[in-house]
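Colleague: I'd like to ask some things about the structure below.
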Amino acid sequence: MFVSVAMQEYTIDAGSSIVVRGNSAVLRCIVPSFVKDFIKVTSWLQDGNFNIYPSRDGESYFLPESCCSSLPSLESNYSHLQICGYSWAVGKDSQGKIWGLLLSPIDGKLHMLPTGELVVVNAGTADSYSTYQCRVTHRLSDETRVSTGVARISVSEAQGITPPRFSERTLSIEARRDELVVLPCFAEGDPPPDYRWEFGGSPVPEDEQRYTSGGLLIIPRARPHDSGRYTCTASNPAGNSRLDVSLLVSWPLSARVSPALLTAGLDNINGFIHGILWKVPIQYVTKISVSVTPTNYQCALGQPAQMTCTTTGHPVTMVLWMKNGQSLSSLRGGMSGEVFHLASVSREDQGMYQCFVKNEKDMAQGTAELRLGDTPPQLVYGFIRQNIQPGPSVSLKCVASGNPTPNIKWTLDGYPLPLNERFVIGQYVPMYGDVISHVNITSVHVQEGGTYQCSAVNRVGEASHSAQLNVYGKLHIGQIVADRWLFQGAPHVRPMGEVSAVAGENLKITCPVAGFPIDGVKWYKGERELPINRRHLVFPNNTLVIEKVQSGVDNGVYRCDATDKQARTASGTAHVNVMVDETADDGEIEFDCVPVPPKITPFNFRSDLHLGERVGVQCVVSKGDPPLDVYWLKDGHKLGVHDGQVEGEGIVLRTLDQFTSVLSIGALALTHGGNYTCQARNNAALATHTAPLSVNVLVCAWGCVSVPPAITPFSFGELSAGERVRVTCSVKRGDGPIAISWLKDASPLMSQGPSLSLHDELDLTIQHLEEFSSVLAIRSVSSRHSGNYTCVASNPTRTTMFTAQLLVTVPPTWAVEPQNAAAKLGQQVVLDCKVEGFPKPTISWKKASGQTPGHYHELSTHQLKQQSGGAHLLPNGSLLLETVAQEDEGHYLCEASNGIGVGLSAVVQLTVHAAQFNIHFCSKPPSIFEFVLGRSWSVEEELQFLAAMLLVTSQLALFGGKKEILLK
């Protein structure tokens with residue numbers, strides 16, 4: 001959604017304040033109401049020279065106005081850092097360059113509140129001479145403005161002792177988690193009152209989390225437990241007064257629906273198996289992120305199912321479940337707050353489910369879709385064998401299930417059904433039902449008898465059913481007129497037409513005979529009854545098979561004669577064309593009129609493939625003349641290839657040679673299920689072979705060996721101390737009864753009840769949702785929770801275990817905080833930097849460039865060894881200088897980080913004291929005076945050297961002579 005905002009002209013003003021001497025004055029920035037929601041007060045300008053900023057610790061700081069002019073974007077983008085005990089304003093200029101400006105503390109005189117007000121504490125005559133302007137930033141345009149008017153403080157004298165008085169009795173403040181919160185409490189009275197804060201009827205303890213400054217209660221990082229009613233009492237000798245402040249700390253809401261993936265199979269519907277799938281996508285509402293746990297479950301239709309909406313955030317005022325836009329309170333199922341329960345899963349339960357959580361500021365939702373999972377077709381109902389007389393109407397029906405909805409096709413003796421007005425084929429799908437297909441024959445004729453077959457096909461697989469429709473007949477003379485059968489007698493053989501055969505392969509032909517009963521069927525080639533050699537096989541079901549068809553031998557017209565018990569006979573013919581290759585006398589291959597057609601070696605996918613596994617098959621064209629074109633189809637659609645990759649499918653196709661193509665899938669997904677077809681084409685013919693690929697094939701429900709349990713892998717993820725964690729152990733397959741238990745570091749976590757277990761020593765809970773799942777939850781993790789957690793699933797066949805490691809990360813903390821150090825030349829010194837945390841923190845050292853900290857360069861141990869008498873980084877992180885040299889003096893920066901939090905850093909100063917200059921003359925001075933000069937002298941050393949030089953000069957004058965002074 002796009003929002004168009006018209007920028008309306010506005011002006012900013014600053015309101016003055018009148019205050020009794022010694023009390024606090026409050027200055028406010030006056031913003032027009034129509035633009036107030038887009039304006040943020042960023043600072044106050046005092047006397048046009050100094051900007052007053054708030055900081056994270058509740059204090060305020062001066063920043064010269066001259067700095068602001070060079071940093072136009074610092075007004076809205078600055079942040080505060082504490083470095084070496086000093087406060088810095090850090091931001092970027094318009095060119096993206098990072099600036100750091102040292103701020104001057106105001107020593108508690110001025111306080112800028114996060115809400116934009118400026119508080120002047122202990123107002124006096126001097127404060128009435130200053131002017132104040134507020135600086136604001138427009139949130140949309142990032143434009144910065146300074147108030148046109150200036151605010152002043154008028155200080156009046158008290159007219160006698162007066163009790164404290166508040167301008168308002170109650171305040172309500174809202175804040176987000178981790179924000180700086182300043183609760184104001186300023187009353188006017190004489191003498192100026194003292195302030196006392198209470199929370200829940202008890203004095204507010206002052207610590208790093210909450211402390212006071214004058215009448216302010218400062219909370220640097222607000223937490224939800226800080227929410228509540230605070231009372232500020234202002235008192236002086238004349239009396240007291242009270243102010244009630246309500247604080248509400250909120251944080252973003254999130255909703256998590258679990259289980260994220262629920263598979264249900266039809267357990268007992270006419271002996272066929274189906275599946276239902278819970279699929280939960282991630283959806284975002286406003287600024288709220290919705291996380292979904294990837295958990296798998298399996299259960300049968302008719303069994304209970306449960307969805308849990310896990311929420312985080314504060315406060316949560318409402319939890320609402322909906323399905324397809326309707327409240328679930330009016331639909332089937334039961335709700336209990338964040339849990340929705342279905343006593344028995346049925347087809348009507350498929351649809352979109354939503355869990356809404358909201359409060360006055362925020363809203364989040366988790367969305368789940370219940371739909372049928374991909375399952376191969378199953379014939380739920382099939383027609384039976386019938387023996388009937390000619391004349392009555394006949395209806396044949398097949399009912400199939402599967403997802404996607406299968407399509408049903410009909411054949412008669414392997415050939416398409418006759419096309420005439422007496423044959424009506426219908427197919428429909430009732431709501432939440434199976435596909436139903438029927439063939440209605442009006443006034444059935446003798447020639448319409450035979451073997452009828454219905455085949456249900458979808459992208460997952462195929463299923464078929466066949467039975468005979470035997471129609472009794474009488475002998476009459478018949479004929480074919482306009483391609484319609486007008487026979488009035490029996491038996492009857494329907495036309496077979498042209499049949500193509502491939503040299504070297506087997507050929508199968510069925511005689512489509514009608515008329516019941518049939519005494520026998522004979523096959524002929526020419527006038528010779530088959531079989532005439534070992535390659536000819538005639539079966540009782542009216543089928544002829546010719547093995548390894550030969551060119552020049554097996555070409556020709558084949559006839560089948562059908563005879564009933566009255567010796568009445570009907571015949572039908574098939575014209576067989578054989579595509580062959582012949583070997584010439586010189587050993588070279590010569591082809592007849594048509595080339596040899598391609599033949600594909602059959603391939604299949606494994607039937608036990610699961611999500612995430614790898615699979616590959618080869619399509620090998622074992623025979624056939626080039627040029628050959630080999631390609632792949634999935635569910636009848638050709639796979640488009642770019643650089644060997646099927647775009648968006650995760651499928652890789654590789655051509656090894658002109659006769660071999662390889663299809664591979666690196667990680668199976670549900671979308672990979674379907675029928676894969678390899679086709680090979682040349683100038684002679686098209687050869688195809690299709691193999692179904694099934695992912696997560698359902699286990700049979702009757703008459704099977706008990707299936708051992710299989711656990712869906714789970715993990716705890718990355719956790720920091722104080723966070724919540726919840727993992728689900730799901731048994732994705734396996735026959736019941738199944739018992740689930742938990743271990744921690746190989747020790748059992750004992751269950752205290754069938755559904756919920758509490759473990760006080762670890763502050764964790766174990767909840768058994770159903771027979772096939774168990775949830776382990778920890779409300780607040782700490783280092784004592786670290787370890788290996790094992791889910792154990794057992795049934796009469798086997799015990800299966802899955803172990804996941806829980807590691808609680810701890811940010812670096814000081815074990816020994818670095819301190820400044822001093823050493824004399826040549827001595828040994830250790831600069832401490834001992835840090836604890838998990839994972840183990842990495843410690844690095846840097847040295848300041850120059851005599852003041854600020855700019856550092858990396859300092860390796862090798863560099864230190866070259867500069868001095870040797871340095872070592874100790875295992876505990878401290879830096880050891882074995883022999884201190886003058887160049888080792890300076891500021892060192894120790895940094896510790898383990899990827900958790902912001903890390904630690906500290907700057908220490910190493911001072912190196914040079915040797916004293918002690919000169920003694922017994923008589924005459926020596927010929928050469930030697931002095932050791934360091935590269936960098938302190939002020940004390942320079943004074944000592946000057947004193948020594950004066951002494952030498954005086955001695956030279958006393959004894960006379962000219963001497964040399966050697967400086968080293």
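If you go along the chain as it appears here, the first residue is 1 and each next one adds 1.
In case you wondered, yes, glycine gets a Cβ from its N, Cα and C as well.
Per TrEMBL, domain 'Ig-like' is recorded for 8-147, 164-250, 281-371, 377-470, 491-571, 598-694, 709-809, 812-911.
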Colleague: Quick one: mean pLDDT on the domain 'Ig-like' (491-571)?
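Modeller: Residues in the domain 'Ig-like' (491-571) carry a mean pLDDT of 86 in this prediction.
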Colleague: As a quick check of your reading of DSSP, tell me how many residues in the domain 'Ig-like' (377-470) are helical, how many are strand and how many are coil.
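Modeller: Tallied per class, the domain 'Ig-like' (377-470) gives 3 helix, 56 strand, 35 coil.
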Colleague: Are the domain 'Ig-like' (377-470) and the domain 'Ig-like' (598-694) close enough to be called in contact, which here means at least 3 C-beta pairs under 8 A that are separated by 6 or more residues?
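Modeller: Output yes: the domain 'Ig-like' (377-470) sits against the domain 'Ig-like' (598-694).
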Colleague: Counting by DSSP secondary structure, give me helix, strand and coil numbers for the domain 'Ig-like' (812-911).
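Modeller: The domain 'Ig-like' (812-911) comes out at 10 helix, 49 strand, 41 coil.
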Colleague: For the domain 'Ig-like' (491-571), DSSP counts of helix, strand and coil?
Modeller: 0 helix, 41 strand, 40 coil
Colleague: Could you break down the residues of the domain 'Ig-like' (164-250) into DSSP helix, strand and coil, giving a count for each?
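Modeller: Helix (H, G, I), strand (E, B), coil: 3 helix, 51 strand, 33 coil.
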